[in-house]
Each structure stands twice: as C-alpha cells, then as structure tokens.
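Novice: Following this message is one structure expressed as structure tokens.
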Amino acid sequence: MGRRPARCYRYCKNKPYPKSRFCRGVPDAKIRIFDLGRKKAKVDEFPLCGHMVSDEYEQLSSEALEAARICANKYMVKSCGKDGFHIRVRLHPFHVIRINKMLSCAGADRLQTGMRGAFGKPQGTVARVHIGQVIMSIRTKLQNKEHVIEALRRAKFKFPGRQKIHISKKWGFTKFNADEFEDMVAEKRLIPDGCGVKYIPSRGPLDKWRALHS
C-alpha cells in the first residue's frame with residue numbers, strides 16, 4: 001500500500017503528536033536541509049528579504065516542504081547564481097500522521113478487524129502552520145527583488161491552501177528596519193554577527209561602552 005495523498009491530512013484536527021518514546025517507528029522526514037544558497041554570507045551583503053506567508057491554518061507535509069525548497073532553489077540558482085542568495089525553510093515537520101491500514105485483497109475480511117483497534121501506525125510527518133506564519137524566507141541583493149517574488153510564486157504551487165508573498169521591511173533575516181539598520185551599525189548599536197546581528201543596549205558598564213567606541 002502506497003502513501004496516502006496529503007489531502008487526507010490537510011486540516012489540523014488533532015492535538016500535536018510529536019515523535020517520542022510513546023510514538024516510535026516514525027519514518028524520517030523527506031526534508032533534511034533547511035538552509036541553502038550562500039548561508040555564510042555576512043548580514044550586510046543581502047539586505048533584501050522576501051517571505052512566503054501562510055493564509056490558512058493547516059498541515060504541510062514534509063514532502064511538500066522538500067518540493068518547494070527544491071523548486072525555489074533551482075530558480076534562484078538559475079537567475080541569481082549559486083552564491084547570490086540564502087533560502088531558509090522556516091517550518092519543521094514535527095507532527096506525526098498515522099494510517100490504519102486496510103487490506104483490499106480477496107479474503108481480507110477474515111484477516112483484518114475493520115474499525116476495531118483503529119489507532120493507526122505512523123506514516124509520515126507534517127508541519128502545522130498558522131495564519132500569518134512564515135513558511136519560507138529568501139535574502140538576497142536589492143536588484144534581485146523580481147527573482148525572489150518569482151521563486152516564491154513557483155514554490156507556492158507545491159502547497160495546498162493560500163499563501164501570500166511579502167517583501168519585508170526588515171534588513172535580511174534580522175528584526176531591525178532596513179532604513180535604520182546602517183545608521184545603527186555606524187553608531188555601533190548593532191554588531192554584525194554572521195547572518196544576524198548583536199544588539200548593544202544603551203545600558204550597562206560604562207567602561208564596556210567606552211571600549212566599544214574607542
């Protein structure tokens with residue numbers, strides 16, 4: 001018996017059911033890589049950030065997440081080069097879905113019990129997504145805005161339900177507004193740290209502040 005179609009598991013009906021010592025024998029999720037492209041690019045290299053935002057409360061299978069990741073990556077590599085972007089899948093499939101296997105061969109009624117003992121065996125994993133939750137983000141250079149929108153539009157076709165594409169006002173994957181970011185870095189209130197930044201608050205030891213601004 002093959003994999004049941006994902007439309008059977010689209011809606012969030014039950015409580016979250018993660019892999020645990022009580023729920024064993026769960027097959028591995030199809031998606032294993034969540035960051036691709038130029039992951040180690042400094043925070044100031046990729047100021048533009050685009051998000052794919054869910055418009056429904058639903059479940060997305062790990063197969064769909066993997067398909068969307070491959071689709072977006074393929075388009076971005078073709079249009080921006082393999083070092084011109086950084087994609088991050090923001091969902092992780094932790095919810096385990098079950099299947100109560102039914103036999104369909106001749107004489108099956110003697111072998112199986114129908115709906116008696118109908119609690120199924122683990123079949124795969126899905127990610128539960130809320131309205132307004134980000135599914136996937138891409139950061140890149142400002143001139144690649146159209147390519148980001150097109151890559152996310154193509155990836156949208158891999159998912160059920162509705163998604164929106166949103167170009168963020170923040171700088172890259174940080175939580176700081178793009179129009180204030182460079183000023184805050186110049187004032188040393190933000191210190192670049194990989195693909196993120198460290199925020200230096202205006203309180204604390206004075207000698208530490210002097211050492212930073214010397």
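Here the Cβ of each residue, glycine as well, is placed from N, Cα and C on the backbone.
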Novice: If you check Swiss-Prot, which of Lys169, Lys175, Lys208 turns up marked as SUMO2 cross-link?
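Specialist: Checking Swiss-Prot against Lys169, Lys175, Lys208, the SUMO2 cross-link entry points to Lys175.
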Novice: Taking the Cα atoms as reference points, how far is Lys175 (SUMO2 cross-link) from Lys188 (ubiquitin cross-link) in Å?
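Specialist: Answer for this pair: 16 Å between alpha carbons.
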Novice: Rounded to the nearest Å, what's the C-alpha distance separating Arg32 (citrulline) and Lys188 (ubiquitin cross-link)? Just drop the number here, would you?
Specialist: 37
Novice: Going by DSSP, is Lys175 (SUMO2 cross-link) part of a helix, a strand, or coil?
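Specialist: The residue in question, Lys175 (SUMO2 cross-link), is coil (DSSP, three-state).
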